[in-house]
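Peer 1: Okay, handing you the structure first.
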Amino acid sequence: MDVRGGRAAPRRGGRPVSAARAGEAAPGGGFRTFLLIWFGGTVSSLGSALTAFVIGVWAFQQTGSATLYSLIAVAGIVPSILLSPFAGALADRWDRRLLIIWCTVAAMVITGITAALMAADRLEVWHLYVTALVAAVVGSLVRPASMAISTSLIRPEQFGRVNGLMQFGFAGVRIVSPILAGILLARIHAVGVLLLDLVSFVAVLAVFVAVRVPQPGRAADAGPRPSLLADSATGWRYVRERPGIFGLLLYFSAIGIAPVLSMILLTPLVLRIADEVVLGTVMSMAGLGALAGGFVMSAWGGPKRRFHGIVAAGVVLGISVIVAGLRSDPVTIAAGVFGIAFGGPIMTGCFNALWQVKTPLQLHGRVFATITMIAESSIPIALLAAGPATDYLLEPLMAPGGALAGALGPYLGVGPGRGIGLLYVGLGVFVLAATAVASRLPRLRFAEDELEDAVQAKRSVGPDPAPVSADPELSPSA
């Protein structure tokens, strides 16, 4: 698909830049291109989910420690947080399509090395920390580039539904991957699963080799490009200077700890009372919840006022986390994680759609990288605290004869996994309290009204509009 259009293109650095590269959306056919990219990404996500399940079970069986298990997750998050601003700036500078292609190749190399070590019976837990760290670096580059590409291909009125469709795809993967991983482990073993993951990367490579997508660009009169460091700070300034939606971001970041911890600690929670088959079933229920939430969001598109969707999903999330921690019963846990996963696509879809329509196209990489950095900044601290807290504090407190067993045992039960259950209940109460506070703050309730839409429903292909402020990229109309 030719996205360049037929008019003379502006120039940057002495070279012509197409209209699409100037930051505008692709002309007709953009949604078809998005569907191709979505399909390729979903296939690759399935392969990665199979690997994550296999590696997660292997790591916990090797260590039996929620602390060490959590540290692997920390290794996969910290680099992403630290590199996000620079990754976003690079996504707004470089050819996003080529960036994703090379990152996919790097991910294939990481997976191949892990498979080789496992096949040679040389894989150790510390290897997983290294591979998680490298994978996080790759992911930090892919996320802002992917989000910017998706936004540039679709119309603003489709943002809510498209975000729901993306969540729908992720949910399908979550349903299929645990069951399929269990079957494949019995038939082709862990190494075979990793090799299938390698094959799944081909889907992404094939799509991005075949398609053409709008590329980042700047107006012809925008002046010299700032340094990478200065460019990276642009996303932070844009977010921080808009207090209403910045407040929503802080709320989103705060309650985001709950679903992340709930899903990461789900493996030790279930494996302390059941086996891998039950774990796969519970994880599939989480997938069903996400599938239902993604379907609702893709068909509905979310409420006109995105804030209402965010808060409603927050209530569902808080109640569901409490339910998941109430009893050491796989059925109760499955019901809770179903609700957690159901609310996720609705909250994320509404939140992303709000930012997409309020952020100029040429800033999407930097702004979404900044959002990722802020939203995930508290997660490593929570993970570092949650592992030791459950292993050395909460689990002993909720063990038979433990200090809290008498008071809380009649409600939560006692024994293995009940310390994690107590943590779940505390997280759920926190989410409900934070949601109640957010719903009462006028600045957050009316955040969508304080800023004009930066991406309009009808746009013509052409160069970016002329600067209207001292810093044109930070202007809502830029």
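Using N, Cα and C of the backbone, Cβ positions are placed for all residues, glycine too.
Residues or ranges marked as region 'Disordered' in TrEMBL: 1-25, 456-478. Here TrEMBL flags 15-25 as compositional bias 'Low complexity'. Residues annotated as transmembrane segment in TrEMBL: 35-60, 66-91, 98-120, 126-145, 165-185, 191-211, 245-271, 277-300, 307-326, 332-355, 367-387, 420-438.
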Peer 1: Under 8 Å between C-beta atoms and at least six residues away from its ends: which parts of the chain pack against the transmembrane segment (191-211)?
Peer 2: 1, 33, 36-37, 39-41, 43-44, 46-48, 50-51, 54, 97, 100-101, 104-105, 107-108, 111-112, 114-115, 118-119, 181, 184-185
Peer 1: Do any residues of this chain, six or more beyond the ends of the transmembrane segment (332-355), have a C-beta under 8 angstroms from a C-beta of it, and if so which?
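Peer 2: Answer is 147, 159-160, 163-164, 167-168, 170-171, 174, 245, 248, 252, 258-259, 262-263, 266, 269-270, 281-283, 285-290, 292-294, 296-297, 302-303, 306-307, 309-310, 312-314, 316-317, 319-326, 367-368, 371, 424, 447-448.
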Peer 1: Ranking 126-145, 245-271, 277-300 by Cβ pairs under 8 Å to the transmembrane segment (165-185), which is first?
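Peer 2: Answer, by Cβ pair count: 277-300.
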Peer 1: Using Cβ atoms and a strict cutoff of less than 8 Å, what residues sit near the transmembrane segment (66-91) while being 6 or more residues removed from its termini?
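Peer 2: Counting only partners 6 or more residues beyond its ends, the transmembrane segment (66-91) has Cβ contacts under 8 Å with 56, 59-60, 99, 125, 128-130, 132-133, 135-137, 139-141, 143-145, 148, 216, 228, 231-236, 264-265, 267-268, 365-370, 372-373, 376-377, 379-380, 383-384, 386-388, 390-391, 420.
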Peer 1: Test of understanding: applying the rule of at least three C-beta pairs under 8 Å (pairs 6 or more apart in sequence), is the transmembrane segment (277-300) touching the transmembrane segment (245-271)?
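Peer 2: Taking Cβ pairs at least 6 residues apart, the transmembrane segment (277-300) and the transmembrane segment (245-271) are in contact, with 3 or more under 8 Å.
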Peer 1: Is the number of Cβ-Cβ pairs under 8 Å between the transmembrane segment (307-326) and the transmembrane segment (126-145) three or more, considering only pairs separated by 6 or more positions?
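Peer 2: No, since the transmembrane segment (307-326) and the transmembrane segment (126-145) share fewer than 3 Cβ pairs closer than 8 Å, they do not count as touching.
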Peer 1: Hey, which bits of the same chain come close to the transmembrane segment (126-145), Cβ under 8 Å, at least six residues off its ends?
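Peer 2: Distant contacts of the transmembrane segment (126-145): 55, 59, 71-73, 75-80, 83-84, 87-88, 90-92, 96, 99-100, 103-104, 106-107, 110, 113-114, 117, 364-366, 368-369, 372.
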Peer 1: Can you tell me which parts of the same chain pack against the transmembrane segment (367-387), counting only residues 6+ beyond its ends and a CB-CB cutoff under 8 A?
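Peer 2: Contacts with the transmembrane segment (367-387): 65-71, 73-74, 77-78, 80-81, 84-89, 91, 140, 143-144, 147-148, 235-236, 238-239, 249-250, 252-254, 256-257, 260-261, 264-265, 355, 359, 423.
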